[in-house]
């Protein structure tokens with residue numbers, strides 16, 4: 001705890017029980033690990049102090065890693081096990097090459113499995129459990145939110161990704177790997193150095209998180225228009241989105257009932273939040289950045305309420321924390337800001353900043369009204385909107401803004417580097433200053449390299465800009481591409497299901513007369529079943545079923561494997577469909593025949609027939625969905641069927657190897673015991689339980705530290721510390737070797753000038 005008392009000649013302050021004096025030429029700053037004196041005239045970072053946002057970001061990443069590992073672990077047997085849909089062992093061919101060469105060809109720690117006496121399936125479970133345990137421990141213990149720990153988490157998830165095949169090829173998996181690698185640069189080296197002191201280069205590395213946030217949001221907005229999707233251009237995308245998204249929530253049904261003019265206005269708001277607002281991420285005016293932060297958070301919360309997009313939205317919200325600074329987080333915590341009294345000049349600058357910010361928001365509102373022709377519609381009682389620009393206009397805008405946005409990033413990063421370098425140069429003590437400059441050089445070079453390489457996927461949104469990049473940057477991108485360090489993004493590029501949501505329904509029979517539908521636990525099927533709320537868990541088979549329905553079964557080879565495994569009655573695969581196997585209609589005996597049909601699904605219409613149990617004026621529907629038959633998706637097959645055998649051979653899905661011997665090592669037995677303990681527990685319930693435990697523990701820990709801090713403050717404040725500064729002055733002069741206050745201040749001023 002630090003307490004300061006101002007005098008006409010300087011400041012007296014107490015830190016850790018000792019009295020210190022700071023002359024008027026210096027400013028006191030308190031940080032998590034100690035007290036730092038900022039010199040007058042030292043430039044402020046454009047990002048402000050980022051100690052608290054960085055700590056919040058690292059804690060959030062630990063939580064997201066926990067969710068990702070636990071969600072994947074539950075599904076490993078059915079997806080990648082020896083009896084799974086796409087066994088992971090098929091991706092690793094042990095050819096006798098040296099381990100280093102194998103790691104270079106496919107960077108995954110699963111190559112170490114045979115050396116531990118484990119098969120690929122068990123090794124995957126071991127790595128996944130290790131990642132879940134390590135990340136969960138990091139959510140509870142701050143010292144574990146360390147560069148070394150985050151490197152381990154990144155390496156573990158990359159190992160899963162390398163053998164994950166189609167079930168792990170989602171944009172949020174790429175985003176987690178890229179963000180996880182940046183965490184290695186952002187996090188402190190607590191385990192090695194034994195301290196969580198804020199480093200002078202932290203603002204430089206934390207800037208990369210902001211740049212990634214900009215790339216993600218800006219590209220997500222741009223691709224909606226560059227794809228020429230008629231629903232996005234016609235502003236009608238959200239009239240289809242809520243019912244056609246992969247796994248909607250119950251609130252999606254209510255959102256779908258909103259009037260069309262509101263849906264179109266919501267599309268306009270989405271375009272504004274995703275295209276022009278991200279440009280404010282690099283604004284030197286902090287209130288513009290904070291305003292952009294809240295707009296992004298509103299968008300992500302609305303997506304979470306209306307759709308189950310696993311940990312993606314939580315990860316995006318964690319990235320948006322890079323837009324905050326300590327001052328705003330203290331405002332959340334109702335803590336006083338230590339910026340000191342404002343002079344008349346600073347008040348003038350503040351008023352000029354207010355006017356400029358109002359001008360920016362006014363310009364953005366005016367541009368929105370003009371570009372989307374917003375007008376009051378008295379007939380419909382709403383706001384009419386339409387796209388008032390052409391694809392040619394948008395393409396010209398994209399060509400105009402892409403390269404300047406890169407240069408804005410260059411200028412913003414350069415400013416952060418220069419201010420951080422100046423801070424390193426101002427550190428007292430030659431050895432500390434030298435070591436700080438060495439660290440700054442290394443991390444600044446790493447940051448600049450990551451920024452340069454990220455320009456390749458970022459400029460994919462505009463061909464001409466991408467073609468103008470330096471060839472050396474392309475070569476560097478190709479060299480690191482296998483590690484998923486940087487990626488291109490663009491969510492909801494085109495709106496699917498305009499003619500009705502396509503849904504594949506699998507049916508089983510034992511006599512080819514009576515057919516029973518196989519209902520999945522999460523995806524739509526039963527017309528009377530309410531949409532589930534499963535975030536942040538991702539049921540990866542349900543997601544791939546949604547993609548499979550958009551095409552033919554030949555475009556989803558794994559679907560043939562699914563039919564084959566269900567005919568065999570493989571329990572691991574059945575648990576992907578129903579965690580409680582007793583709810584699976586053929587749990588006692590596998591079906592003799594299977595087939596699949598495609599239907600078109602729509603949400604039912606709202607009935608304003610009551611207020612009970614509902615959001616006014618709608619009641620919960622008796623049926624959430626309606627459907628019509630579309631066509632056959634997969635013909636009737638049975639074990640030994642000629643068509644099924646030909647498809648299995650064509651895709652190489654039939655395992656011709658001899659049955660594998662069950663490993664009897666201690667690690668393998670431990671993995672089987674852990675699996676037996678969680679079998680039958682729904683994954684989303686398990687994840688929610690872990691998140692609740694982590695949040696409760698951190699809350700109790702914070703309350704305990706707060707009580708301890710207040711008690712320490714009461715005990716450490718000496719009587720008369722503010723009333724008798726002369727006594728303190730005499731004690732301080734003894735520590736300074738008998739020098740007077742004027743001599744000490746003169747030396748400090750000379751050091752500052754130097």
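Here the Cβ of each residue, glycine as well, is placed from N, Cα and C on the backbone.
According to TrEMBL, the feature transmembrane segment maps to 56-76 (among others).
If you look up TrEMBL, you'll see 122-141 (among others) marked as transmembrane segment.
Sequence-distant contacts of the transmembrane segment (148-169) (same chain, at least 6 residues past either end, Cβ-Cβ under 8 Å): 58, 61, 65, 68-69, 72, 75, 79-80, 85-86, 88, 91-92, 106-110, 120, 124, 127-128, 130-131, 134-135, 138, 176-177, 180-181, 183-184, 187, 189, 191-192, 483-484, 540-541, 544, 558. The transmembrane segment annotation in TrEMBL covers 148-169 (among others).
The domain 'Lipase maturation factor 1/2 N-terminal' feature in TrEMBL is assigned to 169-330.
For 175-192 (among others), the entry in TrEMBL reads transmembrane segment.
Look at TrEMBL and you will find 204-223 (among others) tagged as transmembrane segment.
The transmembrane segment feature in TrEMBL is assigned to 261-282 (among others).
The transmembrane segment annotation in TrEMBL covers 294-324 (among others).
Per TrEMBL, transmembrane segment is recorded for 351-376 (among others).
Per TrEMBL, the feature transmembrane segment maps to 397-418 (among others).
The transmembrane segment annotation in TrEMBL covers 438-461 (among others). Note on the transmembrane segment (438-461): residues 182, 185, 199-201, 204-205, 207-208, 211-212, 215, 218-219, 222-223, 226, 398, 402, 406, 409-410, 413, 417, 420-421, 424, 469, 473-474, 476-477, 480, 485-490 of its chain, located 6 or more positions outside it, place their CB under 8 angstroms from a CB of the stretch.
According to TrEMBL, the domain 'Lipase maturation factor 1/2 C-terminal' annotation covers 485-635.
The transmembrane segment annotation in TrEMBL covers 681-703 (among others).
Look at TrEMBL and you will find 707-754 tagged as region 'Disordered'.
Under the heading compositional bias 'Basic and acidic residues', TrEMBL lists 709-727.
Residues or ranges marked as compositional bias 'Acidic residues' by TrEMBL: 742-754.
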Under 8 Å Cβ-Cβ from the transmembrane segment (261-282), and at least six residues away from its ends along the same chain, one finds 46, 210, 213-214, 217-218, 220-222, 224-225, 232, 235-239, 288-289, 291-292, 295-296, 298-299, 323, 360, 364, 367-368, 372, 374, 377, 380, 382-385, 401, 405, 408-409, 412
When each of 56-76, 122-141, 175-192 is checked against the transmembrane segment (294-324) for Cβ pairs under 8 Å, which one has the most?
56-76
Using Cβ distances below 8 Å and needing 3 or more such pairs, separated by at least 6 in sequence, tell me whether the transmembrane segment (122-141) contacts the transmembrane segment (175-192).
no
Which residues of the same chain, at least 6 past either end of the transmembrane segment (175-192), have a Cβ under 8 Å from a Cβ in it?
54, 57-58, 61, 64-65, 68, 142-151, 153-154, 157-158, 161, 199, 202, 205-206, 208-209, 212, 216, 311-312, 315, 318-319, 443, 446-447, 450, 483-487, 489
Restricted to the domain 'Lipase maturation factor 1/2 N-terminal' (169-330), the mean pLDDT of the model is 93
Under a Cβ pair cut-off of under 8 Å, which of the recorded stretches 351-376, 397-418, 681-703 contacts the transmembrane segment (56-76) most often?
681-703
